[in-house]
Amino acid sequence: MQSRKTRALGKGRARVTSCDDTCATATEMVPDAKDRILASVRDYHREQESPTFVAGSTPIRPSGAVLDEDDRVALVEAALELRIAAGGNARRFESEFARFFGLRKAHLVNSGSSANLLALSSLTSPKLGEARLRPGDEVITAAVGFPTTINPAVQNGLVPVFVDVELGTYNATPDRIKAAVTERTRAIMLAHTLGNPFAADEIAEIAKEHELFLVEDNCDAVGSTYRGRLTGTFGDLTTVSFYPAHHITSGEGGCVLTGSLELARIIESLRDWGRDCWCEPGVDNTCRKRFDYHLGTLPPGYDHKYTFSHVGYNLKTTDLQAALALSQLSKISAFGSARRRNWRRLREGLSGLPGLLLPVATPHSDPSWFGFAITISADAGFTRAALVNFLESRNIGTRLLFGGNITRHPAFEQVRYRIADALTNSDIVTDRTFWVGVYPGITDQMIDYVVESIAEFVAKSS
């Protein structure tokens, strides 16, 4: 018997053409003029000098975008062609990004947080029938993380169930997830912390056993693998962020991916105002029966383009952002290699220093690291605040592990949630953990300066 979840799833001058209701204005330009402009953009890019690293003076940021000549040209070219609404670049990126993961559909949105909102909201759609999530249903998640992994549950009237994380990997473990399941549990939503995969295969099996949806927050982990398989391919839905701090960037942006055509259709509807029509922007009557529908209590033949099947949002991105994302897409592998190299150099350099718990990769994983987490030991002769302040005084950027134990924040004082087990490690993370950067813009010289600075501080403080 099928489970309820399975059942659910111009020459001489520019000539501007008219702007349709998507405002995707197009320009016809003499090719030579466009080529000259783009050549000048390349010249301009090459004239920009990369600053020489000066220890203690040049900032070492924990994260950032790495943009090259092709990225700059892609943005300018899209601007020249006045691609201002989501269009051809967006569709092409969605197709290529879905192919990268081996999934059927990808939908670009305006942020990773919006991607999380859409992913979980889609599971509440009436179109899923008895499988849909309803107010009061429970969603298991980790207590440590970024709030927008958790907020969509609250925003949909669901109940977050918090489990503790493991020190070192900073992920929730399968045994904790399994112990948290009750008759009210309907979904699991977890992030791969700082690019380090959670045990996705085992947790996916728990979800399957209990007929639960699994949503992977893959915002910090594009290119990471678990048991040889890309993170983001284990769940029913996966989300990605393209904010400049992340593995590739579109400036602002995000994406929801799925292997389910039914969920993809719901995602698209929720993203695009909740409308029932699936036409691309600027396109009408794809279904060839635009005025033949009779839905709800609307009069027969009501325009399908203005028929709404969900209480949705407008979370689309623009073609300029998609142009940058497309240019960045081919760099995922190189960026991942740089992140891994920087992480290893830090790990080797800091190994053996007293008072520091260094990060470890989840067994069977190959993380494309987002950051390098350090936890101060209980018996260290110094505090996190002292070390962080010392590093910041040397222009070495630091970050806490996002929200730490999210239940300790003012925003959650009036939120209904359940704690599945003691959040001991989550509190340790809140009190004693921080991270430094490994993104591709950090050089070996910078990594060595970070290592030297931490070693100097520990030697003086221990």
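Placement of Cβ uses the backbone N, Cα and C atoms for every residue, glycine included.
Summarising the annotation, Swiss-Prot assigns active site, proton donor/acceptor to His246 and lists similarity to another entry as the type of evidence. Residues annotated as pyridoxal 5'-phosphate binding site in Swiss-Prot, with similarity to another entry given as evidence: Gly112, Ser113, Asp220, Ser241, Asn314.
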Winner by Cβ contact number (other Cβ atoms within 10 Å) across the recorded positions Gly112, His246: Gly112
Reduced DSSP assignment, Ser113 (pyridoxal 5'-phosphate binding site): helix
Three-class DSSP secondary structure - His246 (active site, proton donor/acceptor): coil
Lowest local Cβ density (other Cβ within 10 Å) among binding-site residues: Ser241, Asn314: Asn314
Three-state secondary structure, which DSSP defines for Asp220 (pyridoxal 5'-phosphate binding site): coil
Which same-chain residues, if any, lie at least 6 apart from Ser113 (pyridoxal 5'-phosphate binding site) yet have Cβ under 8 Å of it: Thr148, Asn151, Ser241, Gly254
Pairwise CA distance, the residue listed as 'active site, proton donor/acceptor' versus Asp220 (pyridoxal 5'-phosphate binding site), rounded so that it is a whole Å: 6
Span of the pyridoxal 5'-phosphate site, taken as the largest CA to CA distance across Gly112, Ser113, Asp220, Ser241, Asn314 (Å, rounded to a whole number): 24
Asn314 (pyridoxal 5'-phosphate binding site) - helix vs strand vs coil (DSSP): strand
Number of other Cβ atoms within 10 Å of the Cβ of Asp220 (pyridoxal 5'-phosphate binding site) across all protein chains: 28
Three-state secondary structure, which DSSP defines for Ser241 (pyridoxal 5'-phosphate binding site): strand
